[in-house]
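Features reported for this protein in TrEMBL:
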ACT_SITE  HIS362  active site
TRANSMEM  103-124  transmembrane segment
TRANSMEM  130-147  transmembrane segment
TRANSMEM  270-289  transmembrane segment
TRANSMEM  348-366  transmembrane segment
TRANSMEM  373-396  transmembrane segment
TRANSMEM  402-420  transmembrane segment
Amino acid sequence: MKYQNQNLSEELLTVFSCSCHVLQESLLSSASGYSNYRGILNWCVVMLVLSNARLFLENIIKYGILVDPIQVVSLFLKDPYSWPAAWLITGMDPGTISEMTGLILHFLILTSMLVFPAAIVLTVTSMTPVGGVLSLGVYTVFFLKLYSYQDTNRWCREIRQAKAKRLTRSYSCPSVAQSNGSAVHTNVSYPGNLTHRNMYYFLLAPTLCYQLNFPRSSRIRKRFLMRRLFEMRNSATESKCRVFQWMVPTIQNSMKPFQEMNFSRMVERLLKLAVPNHLIWLIFFYWFFHSSMNFLAELLQFGDRGFYRDWWNSESVTYFWANWNIPVHKWCLRHFYKPMLGKGFSKLQAQIAVFLVSAFFHEYLVSVPLKMFRMWAFMGMMAQVPLAWFVGRFLTGNYGNAAVWLSLIIGQPVAVLMYVHDYYIYHYGTTT
């Protein structure tokens, strides 16, 4: 009997061990809760590398090597009067450079406050297009900074005047010095902040919004600086190679379909330009908003490093514009959007007004250096308003994120082709 029970137990164990099925969902089903797609991401990277390698070899075979480092230097040497005169400080001692920096800042402040934008337009239009974009961009940044500077100090002055009857001591005295590791920074209150040192720090800091006391880091990390500097150099080199090797030949080959109004060829050229243009835009984002601004912030011990948020996860157009360029978003929110709400405008009216101002500056930064007025950048920015409504109403989740990516990948090369085509027609009378 004992032997029979033992055999029965072994048979039952064998039967149950053969039960290899359990209640479960497939991994690729949303109900499974599975989220580790690292292998698929690696597969996408491998496919992207192989695709880029094929395109790169095809480009080399068809056009040869077009990247010429001497050509970049020759742009400065060909007409040095059309570029910002950086060579003036070459060979100067540190004291002279400091004095020249102060004079340059004084000049930028005066021109930004008194003659922006009329005289600046006259100056920029005499430059080359690239030099004009850089110069006008610098002036625009200083204009926005100075607007924030005067706005914030006006608020402080109004608060001070409102409390003047209750306060017996001056606001000009600095408060307690606080120590942050090896650095000591003193907090100031209005009007003790109205000094050249305070204003110059703000003008050089990687922000557009002024406040009396900025958050400061404890020390300058030299390794961090070197990493950012290395990234800046590599990103700039990569962008230059892609522009000369990929974008220039593609744009040149796109002019004939535009001239003949061959729609199918125009679409083919547009899609071919979309990939290198988008990669250059992504490289520029990393170069400017991460490497360059972190380098400057570390150098100035500027503590707020929130220059961008996770815009790549944007499921709506409004989320993208609110998170890809935090300094500009904060300026628009603080000095334009909220004041409009305070004056009785609705949120929709204030949002459309912000897009109008942004569209104006986009067109301003392109049309003036190119010496022509075509409205492509303006219309592209204003098209974001109905696009934002459509995506927010009909697309959510991954579909909304895909729509945002598609607008970025396709929208920019359309504007590039239109401006290049119109530039050659306007200045040379032909696209060939």
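Any Cβ shown, glycine's included, is placed from N, Cα and C.
What TrEMBL says about a protein is an automatic prediction, not a curated fact.
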Selected stretch (most C-beta pairs under 8 A with the transmembrane segment (373-396)) from 130-147, 270-289, 348-366, 402-420: 348-366
Residues from the same chain, set at least six apart from the ends of the transmembrane segment (402-420), whose C-beta lies under 8 A from its own: 247, 251, 254-255, 258, 269-270, 273-275, 277-278, 281, 314-317, 320, 366, 370, 374, 376-377, 380, 383-384, 387, 391, 395
Non-local residues, at least 6 beyond the ends, that sit with Cβ under 8 Å of the transmembrane segment (270-289): 55, 231-232, 235-236, 238-239, 242-243, 246-247, 250-251, 254, 307-308, 324-325, 408-410, 412-414, 416-417
Other CB atoms within 10 A, centred on the residue listed as 'active site': 18
